[in-house]
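Features as listed in Swiss-Prot:
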type	residues	note
DOMAIN	7-188	domain 'tr-type G'
BINDING	ASP19, HIS20, GLY21, LYS22, SER23, THR24, ASN135, LYS136, ILE137, ASP138	GTP binding site
Amino acid sequence: MKPYKIENIRNFSIIAHIDHGKSTIADRLLESTSTIEQREMREQLLDSMDLERERGITIKAHPVTMTYEYEGETYELNLIDTPGHVDFSYEVSRSLAACEGALLIVDAAQGVQAQSLANVYLALERDLEIIPVLNKIDLPAAQPEAIKKQIEEFIGLDTSNTIACSAKTGQGIPEILESIIRLVPPPKPPQETELKALIFDSHYDPYVGIMVYVRVISGEIKKGDRITFMATKGSSFEVLGIGAFLPEATLMEGSLRAGQVGYFIANLKKVKDVKIGDTVTTVKHPAKEPLEGFKEIKPVVFAGIYPIDSSDFDTLKDALGRLQLNDSALTIEQENSHSLGFGFRCGFLGLLHLEIIFERISREFDLDIIATAPSVIYKVVLKNGKTLFIDNPTAYPDPALIEHMEEPWVHVNIITPQEYLSNIMSLCMDKRGICLKTDMLDQHRLVLSYELPLNEIVSDFNDKLKSVTKGYGSFDYRLGDYKKGAIIKLEILINDEAVDAFSCLVHRDKAESKGRSICEKLVDVIPPQLFKIPIQAAINKKIIARETIRALAKNVTAKCYGGDITRKRKLWDKQKKGKKRMKEFGKVSIPNTAFVEVLKME
């Protein structure tokens, strides 16, 4: 590390919508500052997971320290990369809290999108210096002036310092580096000498345990210090080493001082011990007050995960345990289903988080899994005054005991070209949405503000929005309050037996159509047996939809050649009695594909 000067440190973040070129610009910055040699360079260098590269998204926040010579001075530039997706908004807010400035990357052809809007507002709340950057300026469809106007009018940013760049060709990259040095303020000199450091991420390393990523606000942290976490008020730990991101995590001598970004190791074994947003201080000279803004991360969406082959249960348990080491937001609880066997009830930050975990389980651990339909946390107010929070249909109490139910709602911002307005309005109406306001973003695009039940968002809202806007619509959401709703438990009965894997909590208005579609799907995927199988959807024991799988025909009179009809009748009667007995005592074997197909549909 170069000699320490707080006035020569710049901590900044990059805000962008998915696919607007954030990771590519980060790559060009690393190249221009010679942080990484050309031969070691690869696409999306900071996105370390294959999944991040394939999907073109950032899942984990990745910091990196660069040095840059400007007007005879050496500057330390700390890029604290943030996830762009709405599921990880708390991580984004903590990463932004570690910065003094941010680059707002906007695609010069597509313009401002919903998720960049959400993160810009987070940055404005923290009073960060925002530098607008128009990327992909080399595209024939680029409209720099129109998009500058959008940024000015809708976000309210001064665009006089806007930089036109192309991460692909490298145009504009030196200007970005100079703007960071000129416009982003250095960290404020600390008012106190006690150590205060903000935890903005952590990473599990199999050799050294948890690496805690910090931005030092005041004081310094060095090897041998005894530290503690202020918000969680847990045990104390000895710092075994400190390091910087160059761009790989590299141990170093000396200390991390006010304004600097780095990490420390302290023999921590569980990610749960380290909470994002917490404040690190020393035991000997503790800080008086922790940093503001700490929140416990709580899961929003829940789903059951079961191995298709029950002998893989222990492997699945191990896989989830390993994923949890690097993902404190993932919650795991063991559960048992009559139909699916032993599995886990998992909590996620949102639908993208859930998809990523599923994909990593099948990819990194080579496991075939079944996942139940995602559900949210409902509030059940009982007649005796008690309140329950449930995320699983099996926990639904007796309807006679329920006073009312409440469901979580969200505030949604949708950005869309004008021609798709009526499509979106009918989609939101179908999803029980309430329109709050409509604003013009520019001559061609609108911003629609809606309130929607979270349950309607987690099922298929994103797919349907992309479908009705031909891929041009984007949205982001933030959690609102609970509201009363007519939520009921829909049960699916196969041969008069309820199958818990198919039961779900739905709004009363949607129950009949959902029940009918599940029954119709099951008729197609369950093979016929030797007896008729009724498939029914029921609410509170009342059947609301029914389909029947016809029995396989078996010709019992095949051996009768001619002769008296009474002989055939006897055989038919005997077969009828046998089928009746089979229906009473026969078990319907439901293939795994049936579960997969129905859950895919949900």
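Glycine residues also receive a Cβ, built from the backbone N, Cα and C atoms like all the rest.
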Among the binding-site residues SER23, ASN135, which residue has the largest number of other Cβ atoms within 10 Å of its own Cβ?
ASN135
Under 8 Å Cβ to Cβ from GLY21 (GTP binding site), same chain, six or more residues apart: give me those in sequence order, or none if nothing qualifies.
ILE105, ASP107, ASN135, LYS136, ALA167
Can you give me the same-chain residues 6 or more apart in sequence from ILE137 (GTP binding site) with a CB-CB distance under 8 Å?
ALA108, PRO144, ALA164, CYS165, SER166, GLN171, GLY172
Going by DSSP, is GLY21 (GTP binding site) sitting in a helix, a strand, or coil?
coil
Sort ILE137 (GTP binding site) into helix, strand or coil using the DSSP assignment.
coil
Note the mean pLDDT of the domain 'tr-type G' (7-188), expressed as a whole number.
79
